[in-house]
Structures are given as structure tokens and as C-alpha cells.
């Protein structure tokens with residue numbers, strides 16, 4: 001075990017070493033002797049046990065330190081969110097996690113996974129021959145704990161009351177009636193001097209006797225237009241070849257659409 005990790009251990013620590021791969025018995029025994037000189041209690045667990053969260057023993061939640069990557073280093077590609085979360089559940093509040101990986105490991109990705117799993121203060125201890133890192137568990141951490149959100153205690157009614165009182169006292173509210181003048185309150189007049197139609201009374205504007213606004217000319221044009229016969233087939237102006245048998249314009253030359261045509265009196269007389 002590296003000296004940088006041994007210096008972080010205390011005599012009252014309960015350490016769990018999570019090993020993986022094939023390890024010779026003498027190597028495991030040597031690691032046990034080396035770590036036992038620094039700590040109070042030591043136990044060994046295989047990494048495969050923590051892959052499934054249902055297989056994690058509740059009695060393992062007594063460790064203050066977890067060493068993962070000894071005696072064989074472990075790849076950061078294996079330390080995913082699920083595995084790191086299962087290892088976190090075995091640590092006491094304020095516990096520490098130490099890992100060792102090959103130098104080719106991606107520290108940025110591992111640091112992100114540690115943070116998302118619930119660890120704090122991820123730190124890189126060494127990267128000479130191996131990537132050795134550490135992370136901690138919050139001292140006030142308890143599994144399944146909950147905290148009230150800070151805005152849940154706010155008094156909404158009191159806040160609105162303060163807003164209303166402060167606005168009236170400082171005079172920040174503008175009275176919209178003071179922005180209107182007397183002329184704005186009068187009923188609008190039509191061009192010819194009579195009251196215009198409102199929403200409640202639908203009056204049609206008529207031209208005055210001495211109209212100068214042009215409304216009289218518009219009404220006269222509408223009356224002239226109403227006197228023009230309306231064609232039922234739309235082909236009266238084309239000529240007799242396109243007119244129906246009862247067309248009053250039969251016998252008259254073609255004319256422009258909309259042109260006023262005077263029908264002679266003898267045309268309307270019967271031939272008999």
C-alpha cells in the first residue's frame with residue numbers, strides 16, 4: 001500500500017478492502033499485515049458483491065474507510081454510478097473512500113461519477129505509477145434523510161400585504177383617471193356634426209343637407225349603382241350569342257361590364 005494512503009489512516013478506523021481479480025494468498029496476507037498496523041479493524045470483500053445493491057449486507061454499514069484497488073488496481077471504467085453508490089452505503093457519515101487505478105484512467109469522468117454518487121471533496125493523491133484518489137462522505141449524511149426546501153416556510157399572504165402597503169405609502173401607483181382630459185371623455189362626433197354610432201346604438205351615418213365632407217357623393221353613387229340591373233347569368237354584356245332567351249338586352253350590341261344601358265321602349269313591346 002502506498003505511503004500517501006497510509007498517512008491518511010487513523011488507529012480507530014474500521015477499514016474494508018474491496019479486492020478484485022485473481023490474488024495470491026501470500027499477497028493478500030501481506031496486505032493484511034501492512035494495513036493492520038495502522039487501523040483498529042480490517043475486513044476483506046470481493047468487488048463482485050457490490051455490483052448488485054440487493055446483495056449488500058446491512059452489517060457492512062460500519063466502515064469508516066474503504067480501500068478499493070488493492071492489491072490489484074481497478075479500472076475507472078468499472079467504477080460506475082451504481083457501484084459507487086453501493087460502496088457509499090457501507091460508509092459511516094464522514095467516512096472516506098480511497099481508490100487506485102491505472103495511470104491511463106480518466107480522472108475527470110471518475111470525479112463526475114463520484115460527485116453524482118453522493119461523495120464530496122474528490123481529490124487526486126498521486127498519479128506517478130497509479131492514479132490514487134480519495135473522496136469523502138458528508139458528516140451529516142444519513143441514508144433516506146430529507147431536508148425541507150428553504151422557500152417552503154415563506155408567508156405568501158404577508159408578502160402580498162407588504163407589497164400593497166408599501167405601494168400606497170410611497171405613492172408609486174398612478175391613477176389612470178388623472179391622465180384623461182375633459183375632451184377625452186366626450187362622445188365622438190361624426191364628420192357631418194352628428195353623434196357617431198356607438199356599441200350600444202348602431203346608427204347609420206347620413207349626409208347633411210349642406211354636406212361638405214363627401215358623404216353625399218358616396219350615397220349618390222350607391223343609389224346609382226343600385227339602379228343598374230343585375231345580370232342573373234353574367235353574360236348580358238357579351239352579346240346575343242351568349243344571352244339567355246329572356247334577356248332584356250337581346251338585340252342590343254355588346255357593352256362594357258357595369259355600363260348603364262337604356263333599353264328603348266319599343267324593345268319591350270310585343271311583336272303581335
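Using the three backbone atoms N, Cα and C, a Cβ is placed for every residue, glycine included.
According to Swiss-Prot, the protein carries these features:
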BINDING   192, 208, 211, 213  [2Fe-2S] cluster binding site
BINDING   233, 236, 244, 247  [4Fe-4S] cluster binding site
REGION    1-151  region 'N-terminal SAM-like domain'
REGION    151-185  region 'Linker'
REGION    192-213  region 'Fe-S binding site A'
REGION    233-247  region 'Fe-S binding site B'
MOTIF     233-236  motif 'Cx2C motif 1'
MOTIF     244-247  motif 'Cx2C motif 2'
>> I need the CA-to-CA distance for residue 236 ([4Fe-4S] cluster binding site) versus residue 213 ([2Fe-2S] cluster binding site), whole Å please.
In response: 37
> Under the DSSP assignment, what numbers of helix, strand and coil residues are found in the motif 'Cx2C motif 1' (233-236)?
Replying inline: 1 helix, 0 strand, 3 coil
>> Based on DSSP, tally up the residues of the motif 'Cx2C motif 2' (244-247) by helix, strand and coil.
In response: 0 helix, 0 strand, 4 coil
>> Given a 10 Å Cβ-Cβ cut-off, pick out the one of the binding-site residues 233, 247 that has the most other Cβ atoms nearby.
In response: 247
>> Comparing the binding-site residues 208, 211, 213, 236, 244, which residue's C-beta has the most other C-beta atoms within 10 angstroms in this structure?
In response: 236
